[in-house]
Amino acid sequence: MAKKVVTDLDLKNKKVLVRVDFNVPMKDGKITNDNRIVAALPTIEYILEQNGKAILFSHLGKVKTEEDKEGKSLRPVAARLSELLGKEVKFVPTTRGPELEKAVDELKDGEVLLFENTRFEDIDGKKESKNDPELGKYWASLGDVFVNDAFGTAHRAHASNVGIASNLESAAGFLMEKEIKFIGGVVDNPARPLVAILGGAKVSDKIGVIENLLTKADKVLVGGGMTFTFMAAQGQEIGKSLLEADKVELAKGLLEKAGDKLVLPVDAVVSKEFSNDAPFHTVSADSIPADEMGLDIGQATIDLFTKELQGAKTVVWNGPMGVFELSNFAKGTIGVCEAIANLTDATTIIGGGDSAAAAMDLGFADKFTHISTGGGASLEYLEGKELPGVASISDK
């Protein structure tokens, strides 16, 4: 990649600012999933091995008012990171000022500091989220070099990524490098055949991705709630299934443009209610009863998608095939997950979000070449958009 990577920087005795993505789920002040912290370890450990001083920062959730601060402190993250690294992580409960500056000045080579949630700066005028130039300059003044390892926020131009990068020599961390290699590779130079599997509820969320991938992929398999808008566009009866009526014309246009590249489900698991307790059965995709709704793809579609995947050299999957939170309607997502996991000769990529969660919950995480850490960022990358957080990293 043409962007600098952390290994291109001289880190010895340097104060290294690191934008990590520690936006982890919390419940009652406890971290419920530390995947994102674990994902940042290679970059942090490399900086420490090189005798750099690691100054870490991240956002956590949305913070708009003083009340929002409750439960949004990164203090529990510092404690967990300390356990994972096997060394003390100094926590500074502020985002600017003398306390932070003193802690940074006193940091020794090979030591780690984490300062408070960058979005605490959003309470007074959205300084972080609107990329306030003074804030970016201030944070940049705390370090000698900047490493951006937060792919999850790469689609946003914030003070903590773009703002700092415009004031300091910067490089991608190992996680960011991996994301650019795999997600970027799908868009720029995939091994063929490239098969994309897109799920999720709304066509509107995935229009850009479908349009872009129809020009890149050899096949695009569509599942999830958005299939019903496509079926309606073909004149099929979809009962009470999810429909974006204002997107039917658009779906028609996509179907015409796609020809046989776009593959839709041939059956659906339907029920009268959006519930795990209601009776359910499988019907052909063109005969969904008027009083029922499709909540998953059926076995015939799983078999069809499995067949379409055979021989693929690159597979990218984004979005579940049904309401996978309800066990009765999770079989489609599990089936697709298994089909991709069983491909031995392909680069297999999950584009973050719900599909990543599904693969991890099902124990398939190690069967994929790459599971993206960024939901929105992956989607925008797959749409072919330039990501500000990536664009702002120094070129080699």
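Cβ atoms here come from the backbone N, Cα and C positions, even for glycine.
The substrate binding site annotation in Swiss-Prot covers Asp21, Phe22, Asn23, Arg36, His59, Leu60, Gly61, Lys62, Arg119, Arg156 and is backed by sequence analysis. The 10 Å shell around the Cβ of Gly61 (substrate binding site) contains 14 further Cβ atoms across the protein chains shown.
Glu325 (ATP binding site) carries neither a helix nor a strand DSSP state and counts as coil. Look at Swiss-Prot and you will find Lys206, Gly294, Glu325, Gly352, Gly353, Asp354, Ser355 tagged as ATP binding site, backed by sequence analysis.
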Those binding-site residues listed as Asn23, Ser355, and which of them has the most Cβ atoms within 10 Å of its own Cβ:
Ser355
Rounded to an integer, what is the Cα-Cα distance in Å between Gly61 (substrate binding site) and Asp354 (ATP binding site)?
17
From the Cα of Glu325 (ATP binding site) across to the Cα of Asn23 (substrate binding site), what is the distance in angstrom?
22
Nearest of the binding-site residues (Asp21, His59, Arg119) to Asp354 (ATP binding site) - Cα to Cα:
Asp21
Say you check the Cα of Ser355 (ATP binding site) against those of the binding-site residues Asp21, His59, Arg119; which is nearest?
Asp21
To the nearest Å, how far is the Cα of Glu325 (ATP binding site) from the Cα of Asp21 (substrate binding site)?
25
Can you tell me how spread out the substrate site is, meaning the largest CA to CA distance among Asp21, Phe22, Asn23, Arg36, His59, Leu60, Gly61, Lys62, Arg119, Arg156, in Å?
18
